[in-house]
């Protein structure tokens, strides 16, 4: 028994060493989402119509092609944001750290769109380390394009400084989504194949410049509705204090998104979807859980959600009678209770309980795909391991 005990101890110590290395923690702040703002103002239905979105019958269609098409609704519910600094001296921006895309972009001083007037803008002339690249880029968001030019400068995230990082400077931002959003830009953490314009992503440069001890990062999203205290993105490893039990390592099936295989989706005791397997992505840049619209419509009916002012909601008094929804992944069950997948809000002094599921039509060849967004990640600590091309999941500690 003694050799076995020694072996187990060594494996435990190795795992802890790998986990902790030198961790660089990026605090994530939780703010009110754009959907909640629009709902409180009674403008949500108008928003759907102005963007030609049908959120009840089907939803937004997304024809993904190497990451140049991003579904608009992905960012409607975003609540967790961090800070990135660009240039010398630093110019600070609030960004979404998004595992579902691979570019860094922020508004440019040359942008004339209403969204840019409502947010900080990057001034290249004020940075002594800025380098002009000059290439143009374009990312499709829903019904409009975000366009701009690519520049290069030093980019800092909580003490990690990447030299010569190419990033997008937006000169045109579409629609109203970015006008009212809490974030200024997006920092993508997906694979290089998703990067628009062949730009090397920030995390790839962190690895290449030996800024992280281990080629991985991890995400913990607090369930605390008042500011999300403790939420963080960790570069260079993971923090075992944020989860219970051990990590279940799931192979990445396609390197672009952080894409994994689903073995099934169970509602209550019944496997309703993916009984023969399907594909999903773990995405910090999507707040809800999305899936093929017809499947999501069936799921909404199964949990008792009904259309209400352009979105699905349930009677808040029925939560204790609603079924659990379980995702079967790599032999492990990941169960969300109704309190996890129903999102409460207060509208005109009345309690509103919205569904955490949303239809999203991701067309071939990238789709169909399910997206496990923040509703899922809040309950399951997520580790993104580039060294072994795998995702680690474990129950998050509240």
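Even glycines carry a Cβ here, placed using N, Cα and C.
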Which residue does Swiss-Prot record as N-linked glycosylation site, given the choices 92, 324? 92
Looking only at 98, 283, which of these active-site residues has the biggest number of Cβ atoms within 10 Å around its Cβ? 283
Cβ-Cβ distance under 8 Å to residue 111 (disulfide bond), same chain, at least six residues away: 121, 148, 169, 170, 171, 172, 173
